[in-house]
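*Asks:* The transmembrane segment annotation in TrEMBL covers E:7-24, E:30-50, E:57-77, E:83-105, E:112-128, E:134-155, E:162-180, E:210-235, E:247-272, E:284-309.
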Amino acid sequence: MLELKGLSVAYGSFTAIESIDVLVQKGEIVVLLGSNGAGKSTTFKAISGLEKPRQGEILFEGKSIGGRSPGRIVESGIVQCAEGRKLFPKMSVSENLIMGAYVHRKNKKAIKHSIKHVYELFPILYEKKENAAGSLSGGQQQMLAIGRALMAKPKLMLLDEPSIGLAPLIVEQMFEVIQQINEEGTTILLAEQNANAALGIASKGYVFESGSIVVQGTSEELLSDDSVRKAYIGA
Amino acid sequence: MDILSQQLFNGLTIGSVYSLVALGLTLVYGILHIPNFAHGAMYMLGAYVTLTMMLLWGIHYWLAMAVSVLVVGLLSVLMERLVFHPLRNAPPIHDKIAAIGILLFLEALAQLIWGADYRSMGTPYGEVINLFGLTVTMQRVLINVGAVVVMLLLYLFLKKTMVGSTIIAMAQNREGAHLVGINTNKVAMLTFLISGGLAAIAASLAAPINLVFPGMGHLVILKAFVIIILGGMGSIPGAILGGYILGFSESLGATYLSNDYKDIIAFLLLVIILSFRPKGLFAREGF
Amino acid sequence: GCIENPSDEASGEGTEKETETPSTEGGEKLVNIGFSGPLSGPAAYYGERSFSGLEMAAEEINKNGGFEVDGQTYKINLVSLDDKYLPNEAAANAKRLVQEHQTPIVYTPHSGGVKAMQVFNEQEKFLIGAYTSEPDVTEAGNSLTVRIPPRYDNYIEPFTNYTMERFGKKLAALPTSTQYGKDWSETLLPYWKEQGGEVIYDSSIDFSKETDFFTLVTNALKEDPDVLFIGGPSEPTAKLVKQARELGFEGGFIIMDQAKLDEMKKVTKADSYELFEGSIGVMPLVNADYPGTPQFVENYQEKYENDPGSEAGFHYISLYVFVEAMKAAGTVDDSEAIRAHIQDGLDQLPKEKQVYVIDEVGKDGGFKADRSVAAIEEGEIVPIKVGE
Amino acid sequence: MFLETKALTKQFGGLIAVNDVSFSLEKGKINAIIGPNGAGKSTFFNLVSGSHSPTSGQVIFKDQNITKLPPNKIAELGIARTFQTTNLFEQSTVLDNVIVGHRLRTNSTLLDAVLRTKRFKREESKCKEKAIEVLDFVGLTAVSDQLASNITQEEKKRVAFALALATDPEVVFLDEPAAGINPDETEGLAELMKKMVDRGITVCLIEHKMQMIMKLADKIMVLNYGEKIAEGTPEEIMNNQMVIEAYLGGSASA
Amino acid sequence: MAALVNRRTVISGFILLALVFPFLTKNSYVLHILTLAFIWMIAVYGLNLLAGYTGYLSLAHAGFFAIGAYSLGILTVKVGMNYWLAFLSSLIITCILGLLIGLIALRTKEHFFAIYTLCVGYIIYLVIDKWDGLTGGVRGLIGIPVPAGVGPLSFEEPQSQYYLILFFLLLTVLMVYRIVHSLSGRTFIAIRNSEELAKTLGIATMKNKLMVFVLSTLFAGLAGVLYASFIRFIGPDIGYITITFDLLMYLLVGGIGTLAGPIVGTILIVWVSQSLQFLQDFRMLIFGPLLTLLIIFYPRGIIGAFYEWKIKRQEKKRMRALIKKHKDAEFSDANSVPDKKVKEG
Ligand SMILES: Nc1ncnc2c1ncn2[C@@H]1O[C@H](COP(=O)(O)OP(=O)(O)OP(=O)(O)O)[C@@H](O)[C@H]1O
Ligand SMILES: Nc1ncnc2c1ncn2[C@@H]1O[C@H](COP(=O)(O)OP(=O)(O)OP(=O)(O)O)[C@@H](O)[C@H]1O
Ligand SMILES: CC(C)C[C@H](N)C(=O)O
Ligand SMILES: [Mg+2]
Ligand SMILES: [Mg+2]
């Protein structure tokens with residue numbers, strides 16, 4: 001479904017990711033692991049069109065999308081739920097969700113339907129639907145960010161560290177929700193620090209180290225890889 | 001003639017002009033965080049284009065104003081593309097100085113095209129009417145009504161339409177807007193278009209009661225900045241309220257305090273308000 | 001097309017062409033005359049209008065083969081620099097003009113510039129062509145300053161008498177808030193009171209900074225004055241008149257001499273002076289009947305497609321006076337000698353160049369001109385006799 | 001009492017972010033605060049460090065009421081803190097960052113700077129020495145010349161520690177120091193915290209990483225909806241039903 | 001440290017050039033312009049200290065410039081005070097007003113501070129313009145004396161004034177240099193970078209900000225005082241916003257937050273704007289776009305661009321050396337070439 005071929009991205013003279021290859025099949029959950037600054041978010045930004053690739057190709061459903069505008073990429077079915085949430089803090093929860101369906105703005109009915117679905121997934125959002133997004137707690141904001149991404153009815157959803165800074169209880173819920181979303185038919189590419197939980201729901205993973213992929217394999221392979229265990233899962 | 005009500009009306013008129021100018025400014029500030037000093041030049045050009053349309057092709061005032069809104073709006077978009085877009089990641093001081101460069105350029109350009117002299121704009125609404133003992137001209141009524149209508153339309157546009165929401169969304173989080181698929185370039189251009197259009201409307205409405213000349217944007221823009229600070233940067237209701245506060249404080253200040261020092265009153269008011277509310281009356285950004 | 005106000009020619013090509021060095025034929029020499037004034041910014045129009053008078057005079061003189069001093073034929077080359085109405089820029093410009101262009105005379109049309117130049121003009125030996133009414137500039141005792149515009153105090157009496165008689169004793173003053181407006185106020189108001197009049201409102205208006213004049217006009221009219229004293233650039237002054245009328249004012253206007261009745265009429269787009277009924281001001285240059293005026297006006301209109309104002313007229317005539325003074329002094333670069341012969345220059349001025357009649361230059365360097373006064377009666381310009 | 005809060009309450013509009021919290025730090029130990037998102041942990045820090053002033057209640061430090069003091073005064077008394085989103089002087093080098101950290105222990109004025117007085121020279125080198133010492137302590141000597149914006153996330157966390165340490169504190173408040181860094185690195189930070197305690201500095205931290213907290217902390221306070229719902233040793237907390245329900249969930253030690 | 005030696009010679013070279021300059025030209029216009037530029041530079045240094053190093057963009061500096069100039073004017077012309085006493089008093093007056101204004105203004109931040117000070121500047125201008133009795137209103141003040149002689153030195157001649165003003169400029173630069181390279185300077189930069197963090201590190205931010213603000217107004221006032229006795233006539237225009245914008249333009253074009261920026265920017269812009277005089281009415285038609293382009297392409301000013309270029313060159317050199325030495329060793333190291341001290345300096 002999504003294929004990165006020899007992708008490189010640079011910020012000015014600094015090359016953040018270099019010649020990486022990633023393959024995501026339809027219906028999969030794929031996880032990107034790696035320490036801070038390894039280049040996971042940069043990869044996501046490149047896929048979403050927020051950064052222009054310096055080299056290489058991004059293929060989505062067989063078509064090259066490298067260099068397309070972010071708007072067009074969302075339209076074609078890739079939505080990112082970014083690090084730091086990037087909500088509209090002064091808009092209400094429901095307004096945020098509606099903005100999430102921006103690319104389907106013509107279809108009012110479908111929007112209503114999607115909102116309902118998001119509220120089913122995250123009942124707390126329904127309770128807070130009139131509150132400004134900025135007033136939510138960190139966990140609630142994270143849910144809203146995911147909910148907003150879902151509003152675009154993505155075929156592929158990019159989740160950048162959804163569990164960061166969340167309470168253990170919430171993290172658990174979060175991963176359940178991700179799995180649920182996946183089961184409903186959305187392919188998921190996930191970047192995580194919490195390798196244990198992530199690999200628990202993913203079918204395969206890639207490990208980044210300073211801009212390149214150093215290890216890749218199925219979840220089982222990675223979980224049993226000693227170096228991976230040591231660096232990303234802890235003793 | 002009841003001096004108080006007459007001056008209240010006068011204050012309302014000035015306030016309407018100020019508010020319209022300040023709205024365009026606050027919009028650009030609120031959404032793109034650009035303190036656009038060149039907005040004064042847009043105001044000036046708005047008046048000149050309307051005037052030229054009326055003189056050159058003899059077209060009707062309203063039509064001329066529509067042309068002006070379009071022309072100045074597009075110019076404003078051009079300015080965004082050529083100057084502010086390349087500067088989007090630079091600190092705000094840069095925008096300020098670049099805007100001053102544009103201001104100098106546009107003023108010189110106006111002087112080249114139209115000459116440095118004072119011009120006067122005719123209006124089909126010159127007649128004097130008496131409203132409840134007030135002496136007003138139709139044009140002045142028009143300014144007030146026009147301003148309110150424009151403000152209302154702007155409000156409805158921002159709050160009730162999807163395009164409006166995109167603008168607000170971008171004001172709150174640029175990257176977030178990107179993520180949901182909003183073309184932020186388009187929104188930036190749209191914002192400048194509206195802002196330029198507002199300046200053109202303000203100038204076309206106000207020009208018939210004053211004169212048209214290359215430097216006409218100077219003081220208006222200064223006051224507009226005072227207003228948006230007063231109201232809270234990026235706040236639409238703040239800009240409207242601030243505009244009227246300034247308008248009234250000028251007209252009433254000139255009447256009951258001192259004519260010579262009436263500008264000081266307005267600026268002092270700001271200084272005092274900011275001393276107590278360092279972030280303006282509506283202390284929130286992004287509407 | 002109509003984009004251009006007729007007057008634009010003054011700002012457009014005219015300036016560009018003229019600042020090019022005039023052609024000199026064998027044996028002829030050039031004498032540079034400097035000008036530093038506002039050519040950009042809010043006061044640019046004023047600067048351009050002032051400069052246009054110089055330009056016309058220089059062009060005429062050069063077309064007629066220049067002028068002869070001590071057996072040598074000279075042509076005039078004008079060098080103009082923009083000072084944005086700022087004193088320090090004017091001073092820098094003057095230095096530049098004197099250093100790089102050896103100008104014996106530097107014109108400047110604002111008091112700030114004059115004062116800044118006076119700091120060093122005696123040292124650097126150049127004559128200031130001061131187009132300003134500020135009394136300080138001649139009272140300071142600078143020996144190389146010539147103040148070109150005449151004193152305005154001889155208007156005070158006829159203006160007062162005329163309006164007081166025709167409309168009444170209550171005066172409201174709302175002139176422009178420049179120093180010129182203040183000078184006027186300070187002379188007019190005491191005299192008005194002396195004559196038994198009453199001043200019920202005394203303020204001023206800054207045209208370049210006011211979005212709407214209505215507020216101030218409303219206040220000026222709040223105690224029902226009989227006469228309104230106004231003035232400043234013609235166009236906003238005309239607006240003031242219009243708005244005063246809109247607010248129901250039916251009295252007369254004293255219009256200080258910076259504004260010209262003919263230019264004011266143009267702003268209102270009316271065919272007659274009806275709106276200005278009861279105004280008294282200076283006779284518009286176009287309507288004046290000094291010996292050289294009609295010809296000057298005609299030439300000016302042809303060149304600039306616009307009526308000349310007094311700044312143009314005075315600059316025009318002053319350049320002729322300076323040229324005559326150079327002839328009389330027998331030198332084009334000794335500014336002290338030129339200054340010493342200004343009176344001769346005035347005396348020698350050919351009749352047909354007398355756009356105004358300037359009889360003498362005072363010891364202090366100020367021109368004393370005679371100017372006539374006009375009032376609007378029944379929609380027509382009527383000359384008013386000025387008693388000596 | 002070393003540092004304690006008495007019935008500390010903070011209200012934002014209608015929201016009570018911190019509600020009647022009384023808590024005392026154990027001197028020379030590692031104290032932890034946990035709780036769900038939005039429980040008021042960071043706000044509690046802000047109140048103690050003077051960034052916000054409480055709606056009611058008191059903060060007492062070594063028998064002195066510091067409730068109303070501005071942050072800089074509180075820092076002078078020996079209370080340092082880090083921020084949840086790592087907050088550094090991004091445009092300066094690591095070394096310059098840390099040098100400024102010791103500024104509060106110096107007295108030289110503009111005049112000293114202009115005249116280059118003895119005091120100026122003395123304090124200048126004192127700050128530099130301090131910075132070098134602290135950077136060495138946190139293990140960042142190698143990157144001291146780099147711009148703070150150019151170093152890795154983990155290094156930034158360490159710089160934040162160094163900044164806090166440069167103020168010569170008696171107690172440091174660390175807001176989620178290990179957020180966003182991997183387990184390996186988390187381990188390193190934990191070591192560092194222990195080292196700080198060994199030096200006699202009291203530590204108080206907020207964390208969501210239970211594994212680390214449970215190993216590290218001597219005392220834990222749990223906040224929920226602004227209220228203190230539990231306090232005690234890791235074992236006590238881990239087995240506290242209320243805490244499990246509100247916060248830890250099933251796989252507490254995941 | 002070849003660079004340092006280099007820098008030192010460059011600086012000495014410039015000072016030497018400034019010192020012998022009056023002997024190189026007989027053109028008093030050039031000297032006049034240069035002297036005036038020196039005066040502006042002093043004010044720009046004031047602005048730089050505040051806006052560049054502390055991050056508070058003041059738009060009131062023309063106002064403080066005018067306060068300095070008018071204080072001197074009034075004290076010498078109207079009060080008849082001894083020149084140097086008036087000189088000192090003017091600086092003190094400026095500082096006191098700066099202190100009072102700073103106390104309130106510094107409660108605001110960022111744009112609010114900028115516009116707040118814009119208003120303060122405008123109020124100062126209006127007061128000067130309207131208070132006829134004290135300031136002479138629109139007429140201005142005339143007859144301000146040249147600096148009184150000190151011992152054998154007299155300041156009647158343009159040359160001697162040039163040297164006097166150069167002296168003050170060098171003093172200013174020295175002071176700013178020493179401040180910037182001191183704990184106080186670091187403190188200011190810290191406040192610019194993050195005020196909140198500075199506060200939690202125990203820095204009394206308000207006190208520090210106030211100190212810079214007053215110091216910065218002192219420089220503006222000093223420039224004003226020198227201006228008044230150089231031009232010897234002052235009008236309200238010198239307090240107008242346009243002057244502030246000019247100062248800001250000099251600063252930004254030269255490089256905000258750099259030590260050499262004010263000098264480079266001022267010289268360049270003054271020179272360009274004088275050279276464009278031949279365009280007369282249309283000067284701004286060229287100047288405006290030129291300014292805008294400069295800002296777009298050299299956002300860190302000339303000095304910033306120079307540093308960037310230097311760093312790039314160094315990096316290239318290093319890269320080349322690296323590649324040559326061991327073809328495939330430690331590439332990652334190239335990423336960590338310090339690109340430090342670009343912003344400050
Ligand atoms: N806008 C930018 N400009 C310059 N460098 C950047 C920019 N964004 C990221 N980088 C650098 O690129 C590298 C990769 O960053 P990236 O954000 O992709 O890492 P990451 O794997 O997502 O890390 P994290 O776990 O912290 O999210 C880092 O060294 C980072 O400093
Ligand atoms: N300045 C503020 N204005 C208004 N509300 C605030 C402010 N700061 C915090 N809050 C609110 O107070 C509550 C507590 O926030 P706080 O940041 O202390 O939570 P926390 O426990 O640190 O959560 P997390 O683990 O997500 O960081 C939240 O609901 C938050 O929205
Ligand atoms: C009308 C002129 C005689 C006055 C001129 N504006 C001046 O500066 O003094
Ligand atoms: Mg990331
Ligand atoms: Mg927190």
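Heads up, the Cβ atoms here are built off N, Cα and C, so glycines get one too.
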*Asks:* Other than its close neighbours in sequence, what residues sit by the transmembrane segment (E:83-105), given a CB gap under 8 Å and a spacing of at least six beyond its ends?
*Replies:* 58, 60, 64, 67-68, 71-72, 75-76, 113, 116-117, 120, 145, 147-148, 150, 209-210, 213-214, 216-218, 220-222, 224-225, 229
*Asks:* Restricting to the same chain and to residues at least six past its boundaries, which positions have a Cβ under 8 Å from a Cβ of the transmembrane segment (E:162-180)?
*Replies:* 15, 18-19, 21-22, 31, 34-35, 38-39, 41-42, 45, 48-49, 53, 147, 155, 188, 215, 219, 222, 226, 230, 259, 263, 344
*Asks:* Grab the same-chain neighbours of the transmembrane segment (E:210-235) for me: Cβ-Cβ under 8 Å, and only residues 6 or more beyond its ends, written as numbers and ranges.
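*Replies:* Residues 35-36, 39-40, 42-43, 45-47, 49-50, 53-54, 56, 58, 61-62, 64-73, 83, 87, 90-91, 93-95, 97-99, 101-103, 105-106, 138-147, 161, 164-165, 168, 172, 179, 184, 188.
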*Asks:* For the transmembrane segment (E:284-309), find every same-chain residue at least 6 residues outside the stretch whose CB is under 8 Å from a CB in it, and list them.
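*Replies:* Long-range Cβ neighbours of the transmembrane segment (E:284-309): 249, 251-256, 258, 260-261, 264-265, 268-269, 272-273, 276, 341-343, 345.
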*Asks:* Determine which residues of the chain contact the transmembrane segment (E:112-128) at the Cβ level, with the cut-off under 8 Å and only residues 6 or more beyond its ends counted.
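*Replies:* Beyond its ends, the transmembrane segment (E:112-128) has Cβ neighbours at 56-64, 66-67, 70, 101, 105-106, 135, 236, 239-241, 244.
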